[in-house]
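As structure tokens, the structure follows; a few thoughts come after it.
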Amino acid sequence: MPDATPTYLLPRAALLRWLVDPSLDLPDNLRIRLLTTLMSSAASLVIGAVAMLIIEVAAVIRHPAPAFLWLLAADAGLLALRLVLVARSRRAIAAGRPAPTDLLLASSLAWAALVGIATVLCFTSGDPLLQVLAPLTMMGILSGIVTRNYAAPRHALAMIVLCDLPLKLMLPLHYGDPWFLIGAVQGLLFVVAMRVTTVRLNRTYVEVLLAKQENQRRATHDALTGLRNRTGLMDDLADRLQGGVGGVGVGGVALLYLDLDGFKAVNDCLGHAAGDTLLVQVAGRISAAIPAEWRAARLGGDEFVVLASGDRTHEAAIVAARLIDVVKAPYDLGIGVGLRIGIGWATPGMTPDALLAEADAALYRAKAAGKGRLMTSGAHAPSGAGATVPGLRAAARVGWA
């Protein structure tokens, strides 16, 4: 079942959205999953920031110049802001709301720029200690950027450029020696190498996500019809009964248990391939005939289930009557099938298995009543469920028992 847990919103700013775009044709849920990976680790954020803050504190102590004081204040303030943004995002997600990402992404770019500025200031200070430690710290930060931001290669590359290139471009200007342009060329080569590395890591991770999503789909969906299977149905049903992801709680949940009339004759007369073709067509008709927020599943053989939830759950009997009409319409195979349906209604404290058993019991009574019949667990049905005049008339046409 797709993960619908609230996470992070794709950025609204065009530039930031472009930076986090993996330049792949991916569904939005995987794009958000990549963004979630990008935002997931606050520890690496703090470690990288503290590492550079230590260098800046040493610079202020050894050279209390205004430039170092302003740099330290800006870096400390930015770290505080980023931690506040991370905490706010986590509170939003814990409350079931998606978290915005524009400020988080923009602040990470601003921090990378500060790292580049700090490295240049330390190197031009003439202090051997700072000239050695600042570039070493910056290089360590670059490795962290690659391992933390590979989910968004463009964003990672932008941070690398902001951290590393200022020092490489400063060297020939600071020393007045064109030979130091070699450092600038090496800086460009390093950027290209990091681009290749981050893209490769990103593609590997995307392959893992796609494989996981496909395995999850196979585990929860019927291979023949594409509908949910028993596992997928029970997962969805548990969510609805608990009022969880997309859930509505009891009183707004019903199960329609469907069984085909005459399907065995299709297999016997036309073969199993024709039977499979018919099942696919039946599944398509069922999916097209139910409200968009309902879920259809195939339990196996010629048994289908429809999970009704949401504002239209009370129309379960009306929809069931329509399904009987839709399924019995002629097929290209030259042979028809009918449908019998049992409806079970959720009650407080009911488990998914109990609701399925109630719908199955209603279906058993429908089978006993004859072909094209509809039975509902009226004792548990909410007031007005299927009791409207259109609902009764539709049910009467198909022999509602």
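Numbering starts at 1 and runs along the chain as displayed.
Cβ atoms here come from the backbone N, Cα and C positions, even for glycine.
TrEMBL has this to say about the protein:
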TRANSMEM  38-61  transmembrane segment
TRANSMEM  67-87  transmembrane segment
TRANSMEM  103-126  transmembrane segment
TRANSMEM  132-151  transmembrane segment
TRANSMEM  179-197  transmembrane segment
DOMAIN    251-379  domain 'GGDEF'
(request) With a Cβ cut-off under 8 Å, give me the same-chain residues at least six positions beyond the ends of the transmembrane segment (38-61) that come close to it. (result) 8, 20, 68-69, 71-72, 75-76, 78-79, 82-83, 86, 89, 99, 101, 104, 108, 111, 114-115, 118, 121-122, 125, 127, 129-130, 133-134, 137-138, 140-141, 144-145, 147-149, 151-152, 155
(request) Over the span of the domain 'GGDEF' (251-379), count residues by DSSP class, listing helix, strand and coil in order. (result) 60 helix, 33 strand, 36 coil
(request) Grab the pLDDT values for the domain 'GGDEF' (251-379) and give me their mean, rounded. (result) 88
